[in-house]
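Remarks on the structure that follows.
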Amino acid sequence: MQSLDVKPTVGLIACCECGVAIEPNPANMCSGCLRSRVDITEGITRSSRMQSLDVKPTVGLIACCECGVAIEPNPANMCSGCLRSRVDITEGITRSCTIYMCKFCERYFVPPSAWMRAELESKEMLSICLKKMKPMLTKVRLIDACFVWTEAHSKRIKVKITIQKEVFTSTILQQSVVVEFTVHSQLCDDCRRAEAKDFWRACVQVRQRAEFKKTLFYLEQLLLKHNAHKDTTGVKPVPTGIDFFFAKQQEAKKFVDFLMTVLPCKYHYAQELISHDTKNNTYDYKHTFCVEIVPICRDNVVCLSKKLAQSFGNMSQIVLCLRVSNVITLIDPNNLQLADVQATSFWREPFDSLCGPKQLTEFYVLDVEPIDNFERKAGHGYVSKKHELADVWLVRSDQVGMSDAQSLSARTHLGHLLSPGDLVMAFDMKNCNVNNATFDAMNIENVPDAIIVRKVFDRTRRAAKRQWKLKRLVVDGNIVGNETASVADQFQGFMEDLEEDALMREKINIYKDEMKQVNVREGGEDDDHPELPSLAEMLDDLKFDDEEMKEETESTGEGEGEPMQE
């Protein structure tokens, strides 16, 4: 007899949703109702097996009102071919134009008065052509422009332009057209003046009424350093100064402003009428600026008025000019007091020079007595720290050893340089005849026997050991005239002044002289020599070959420049 597996019977209940008999469960719902009430796949993205179809609305076609071709509807109801035949958006654009080129400088005219240098098929040339067509393109939109190749010698330039224009509502038509430019020759203003020997429209006349032109040499170096003469059309030396010529009045005025900042000077302006057009009411002038530099140079002995000397801190009336830069620097040999005279102060109350370099006499130093404790009066001005005060006894160098030689005593600011046996250049005020009203009004007791100006060094050895050089403004001559012996001697004196004054060297450019540096290394040193410029103050003298500069200029796309002049 087999055993029977008898399972306990479970009672059935009705589904709470549909009433179907089900086994009991926590939800009291059948599986169908449970799936409909709870979605366990919520939050899981599902990809549809069926792809959506992009159904575009179909547009009906219409017939062109001109040729009957089936086209999509548009405001004109015409095809593009019929639209171009009925509407010409290039109407008003001239197919041929004229541009002008100067045959001497090869620049092109850009209205109203400019001239531009441009190569064929360059962006500069394209801009010139488009500016010529600008009045014709006001009612259309320029889309593209390019060149069409032509022979270089044909004097023809072709430009293909693409334009757009709205002909009807929401209907834009695009069309291309070729414009031909004919190149005609016309002289520019600069070349026309050069051909007519009329090079300038403005002239700056720099004048200095002084025997020695040290200030003009200094001005030459300032112009070279700052390149202030780049706009000049010519430089002409005259006996009393220099003339600078310019093509425009604005360039001359800018040059005058530069001179006013670097030198104590003043200027006067004048203009000359060249021509007058009565129909157009236009005038053509030549403008002249006359710049007058103060007639005081370095190493000049000057006589101040009593009032002016008191305003400078009770200086002596007889003082020495130490340097001329943007101000006149004076030094009192009696107490080492310094004073800077502005240009406005000088022209308000000018003073004259008692002597120049030609009036100086060579003296032999007999004895030097330094002054250590000098009592200064109240209210004195700034005192120089680079000089030392000393009493010096002198005798003329041509009277040394004579029994009847006249010895002079003088107080000098060169006590740090002088020693017995040295030679100095001084102004003999005891035996001179001075024609000056201010000097004549002075008390004779306040007039010194002599004013020592500078110490004398061996000029030949000094020039041989000079390791530097200066550039010159004019290649075939000197800025103050022809290369005479007198001018060359004055320029050597200017270079000696630079060796003795470090402040003046800071404002100009000095260049290394390689040949002189080799000679100096071979020749040794010299103790009796002023302080020379250091190598840190010297610049390398760069020289560029014209062909290399031309190739570099063409590669960079810059304009041509003039070679460096030395």
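Each Cβ is built from the backbone N, Cα and C atoms, and glycine gets one as well.
The compositional bias 'Acidic residues' feature in TrEMBL is assigned to 543-566.
Taken from TrEMBL, the feature domain 'Nmd3 N-terminal' applies to 64-293.
The domain '60S ribosomal export protein NMD3 SH3' annotation in TrEMBL covers 296-343. Across the range of the domain '60S ribosomal export protein NMD3 SH3' (296-343), the DSSP-based residue counts are 7 helix, 19 strand, 22 coil.
Here TrEMBL flags 360-455 as domain '60S ribosomal export protein NMD3 OB-fold'. Along the domain '60S ribosomal export protein NMD3 OB-fold' (360-455), the predicted structure has mean pLDDT 88.
The annotation region 'Disordered' is assigned in TrEMBL to 521-566.
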DSSP says what for the domain '60S ribosomal export protein NMD3 OB-fold' (360-455): how many helix, strand, coil residues?
10 helix, 38 strand, 48 coil
